[in-house]
Structure formats: structure tokens, C-alpha cells
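Taken from TrEMBL as is:
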COMPBIAS  332-348  compositional bias 'Basic and acidic residues'
COMPBIAS  349-359  compositional bias 'Acidic residues'
REGION    332-366  region 'Disordered'
TRANSMEM  20-40  transmembrane segment
TRANSMEM  52-74  transmembrane segment
TRANSMEM  110-131  transmembrane segment
TRANSMEM  137-160  transmembrane segment
TRANSMEM  172-194  transmembrane segment
TRANSMEM  214-234  transmembrane segment
Amino acid sequence: MSSSLLAVNLAALTCSSLFYGMFLVLSSTSMYLLVGRYLASRQSRTTPQNRSIFRSTVFIAAICLFASVTAHWITTVYRAFLAFIYFEHGDAAVAFYADTAQATELVQEAFLMISILIGDSLIIHRLWVVWEHRTSIVVFPICTLAALTMCSAVSIYTVSHKAPGMDIFSDPWLTSNCVLTLVTNVYSTVLITYKIWNITRVARPIGGSNLRDFLVIVVESAAIYASWAVFFIATYQTRSLVQFFVIQAAPEVVGVVNALIHTRVGLGWAVEAQAGSPPASEMAFAKARPTPQMTVESGDPDMMESGVDFRANVGSGAVGRGWLGDVEEISRPSSVREVHAAEQKAPEEGSEAETGPEESSEKVRL
């Protein structure tokens, strides 16, 4: 077992470094695109000035995730130096890795839990925005997030009081943590998928990107994370030493999953900008009741995390909100309604089925 424990930890260090390198590139690219987009919007005369990007929810969460993942990787490398060089002059590497009460082990686990909590918070934030800021939708994932926070604290406390040589597979809180984060991600992804799928099923694209293209990004990223969680549960329950490899690479996996979303949509901006087409999607409901036209331009930095600006021609009662990013509340100024009220008249009863693509509509640019 001693040689296997060392082999697994060395493999975990190697793979963690590989994943961290991927995360570093993706995160740096997404930050560059996000800040560049914001600066470009500020220089545009047609875009209203909004709060600074450095105060946006998405940007702050991305920075915190980058800091926690980086700190976890540094701790992993530092532990390797301690085990093979400094601890007992490098003669007790097995004992070092087997002692889960080591201070560096507790610090490493703390950064692991922080990274997972930030990742879960981001997907709950996306769910909240996609469902038009409906509190009832996010009550359940918020409860699982709170339970995960509590279980993480208890798990770290339990590990810190373990005596050397105790069974490393005797901590039930690790399994609880993994199940809770898995439930949060599956629940949020399913509801995000359901919401966007219904929108794209009812609405027909006029130009630009389709929402389903961006939905694929979310689903694929969630699938990667869910696969990792299931794999850890399987290895831990079967008492396999491979669980060390899985859990030590967890923060990097969380970081890569979120950075993939940000970078992919950011690259979508760049490609559309180089092609000379506006980074927007227009969608029109086939049967929409004509309503006064209103255009809302939003340069909110939180919205930019979505990577797309959507111009949607929606029917009466439709809500224009952002996708994957926090968007400012859309208001309906009375002056706008009064200006267009005289221009357009409501159709007679029964004529709704004859509406065409040139009917008046409410246009929202997100």
C-alpha cells in the first residue's frame, strides 16, 4: 500500500498541474475577453455607462475561483516538497501522506471546499438569471449549497482530529459533500436546459447565434463535473486509493469547467466581431400580440458573462432577461409607451393568428 499511496499522490500532482495549466490559459483568456468587451462597451457612444466590471458578481466570483484554485495547486506542490525532501529528511513520505491531520492537508482541503462552493454558487447564479430572478426556483439549490457548506466545515474538523493511522475511508462527510454538489449541479443544469429549450422551441431564430448552441456549452460543462463527482463517489465507496487522485484534481476541474463556459462564449464574441456581424441573436415568437416597441441596451458587466447580446422580438408578457449573467431590471418608461401608443393599434380580436414577421413587437437587447 505504501508504494501505491506514493504513486497515486505523484499521479495526482502531475494531473493537477496539467489541469491547472489548462485552467490558467482558459481563465486568463476569458478575463481578457471579458475586460476587453467591457472597455469596448464603455468607449461606444451608443452603449449606456453602467457600474464597473470590477464590481460585477461574475467577475468577482471568477477572481475568487482563480485565487482558490491557484492556492490549492500551490499547496499540492508544497506538500510534495515536504514529503520527499523536508519531512523526516525525505524518509517518511508514506507516513506524511497517510497523516490526514497534517496542517497542509487541512489547508488543501479547505481550498478544495472553497473552490467547489464557488463553482456551485456560479451555476446557481446562472439558474437564477435564466429563470428571471425567480426565488422559488433557487430555494432548493441554495439549501443544498448551505448543507454543503456545513458538511465541509464538519469534514475539515473531523479530519483535523483524526489520529495517524486511522482509516482514511471512515469519513462519511466526504461522500455527503460530493452528493450535495452533484445534486446542485444536476438540478440547476436540468432547469437551465428546460428553460432555454422551451424558449428556443417557441421562438424562431431570425439571425445570429442560436440559444441552443450556448446551451450545449452549459450541458457539456455540467457533464464533465458530474462525471468527476460520480467517479469520486465510486472510488471512495470501493475504498480505492484512486480517490486521492480524483479529489486532489477537483478544484482544477471546477475551474476548467467554469472557464470553459466563459472562454467559449468570449471566443464567440471575437469571431463575430472579426466577421463584422453583431454579436447578437434575434428571436421572434411566431404568434405574438403587437405591443409598443422598446429597445433596452444593457452594458452591465454581469451580463457579459453570457458572452452574447440577445435582441429578442417577444410577444406581450414576455420577459427580457439575460442568460448566464446578471442583468439589470428592465423597466418600461411611460414615455416610451406613450410615444408608440399612437403609432400602433392593437389588432381586433381573432386576428392574432395572422401576425407576421413585420408586426410590431417588444425588442429587448440583452
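A Cβ is built for glycine as well, from the same backbone N, Cα and C atoms used for every other residue.
TrEMBL labels come from automatic prediction, so no person has curated them.
Across 20-40, 110-131, 137-160, 172-194, 214-234, the stretch most heavily in contact with the transmembrane segment (52-74), judged by Cβ pairs under 8 Å, is 110-131.
Same-chain residues lying 6 or more positions outside the transmembrane segment (214-234) and placing a CB less than 8 Å from one of its CB atoms are 119, 123, 126, 175, 178-179, 181-182, 185-186, 188-189, 192-193, 196-197, 200, 243, 246-247, 249-250, 253-254, 256-258, 260-261, 264-265, 268, 306-308, 323-324. Long-range contacts of the transmembrane segment (172-194) within the same chain, counting only residues at least 6 positions beyond its ends with a Cβ under 8 Å from a Cβ of the stretch, are 113, 116, 119-120, 123-124, 126-127, 130-131, 137, 140-141, 144-145, 147-148, 151-152, 154-155, 158, 215, 218-219, 222, 225-226, 229-230, 232-233, 236-237, 247. Here the transmembrane segment (137-160) has long-range neighbours at 100-101, 105-106, 109-110, 113, 116-117, 120-121, 123-124, 127-128, 131, 171, 173-174, 176-177, 180-181, 183-184, 187-188, 191, meaning same-chain residues at least 6 beyond its ends whose C-beta is under 8 angstroms from one of its own.
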